[in-house]
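The structure appears right after this line, and notes come after that.
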Amino acid sequence: MTIKRKKVSVIGAGFTGATTAFLLAQKELADVVLVDIPQLENPTKGKALDMLEASPVQGFDANIIGTSDYADTADSDVVVITAGIARKPGMSRDDLVATNSKIMKSITRDIAKHSPNAIIVVLTNPVDAMTYSVFKEAGFPKERVIGQSGVLDTARFRTFIAQELNLSVKDITGFVLGGHGDDMVPLVRYSYAGGIPLETLIPKERLEAIVERTRKGGGEIVGLLGNGSAYYAPAASLVEMTEAILKDQRRVLPAIAYLEGEYGYSDLYLGVPVILGGNGIEKIIELELLADEKEALDRSVESVRNVMKVLV
């Protein structure tokens, strides 16, 4: 009996896509297909070959190919979308909507054609709106179209808390809700260091500064790079989500999910805690929010809906 190997296709062979592909292969989670536009087919093949040639050194067994032909992605278990125009310094996420939504629709049609049973994970910004666009175009069940932002935003939040307390990031837990933008909602009340509430360890003004830095985390890196945006942490976040799906781990992770009444919102994709497993989003977890937390989430939802108004 032949055992079918897992297959993940990564759409977009830029910094984030290529890093994601390499991390997936390193962890031996699946065979990887790295896809980009025909004009970039040779560089995409070159990156894939370069990764493959690292396998004897890194000690992993996974096949990696580069292509511009979506037929090569057929029967993927998971498809990760990182393609889209890059965010530039001073550029708002809203500016990305019109162009990237057109790109999403084109990509999604190819995914649906060749991998109708896949789970799609979207990274392209503005990710809440782009995930909604992919969902509408694909016609897949809502649990199989997921956006990635909460894992990344929470990772940034945890990093800054660990730095503040001079503790291991492994001992920091937390959640960031809402849209992936300046109105995201880091939930201090649900965040802990070794099980101890942060509010007992960090002064209020320092916590407020950490929350604000988390909200501006992506922009901080964009400004420092001068060209392009973050890719190591986004790629690592995509891999964590993909692993939870492929291994049916049923991880509790923040992810962008389609809401139908949860938290009082409907017909939009928003970052919320979910159980992530082999079927995609197995369950949306509704946290009890205080009045000020709900007001902050309302503002975040308003920002997401404003971006969605310009979807094409």
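Heads up, the Cβ atoms here are built off N, Cα and C, so glycines get one too.
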According to Swiss-Prot, which candidate in Asn42, Asn100, Asn117 joins Gly12, Ala13, Gly14, Phe15, Thr16, Gly17, Asp36, Leu123, Thr124, Asn125 at the NAD(+) site: Asn100
For Ser149 (phosphoserine), list the number of other Cβ atoms lying within 10 Å of its Cβ atom. 29
Check Arg156 (substrate binding site) against DSSP and tell me helix, strand or coil, would you? helix
Measuring Cα to Cα, how many Å separate Arg156 (substrate binding site) from His180 (active site, proton acceptor)? 12
In angstrom units, rounded to an integer, how far apart are the Cα atoms of His180 (active site, proton acceptor) and Ser149 (phosphoserine)? 6
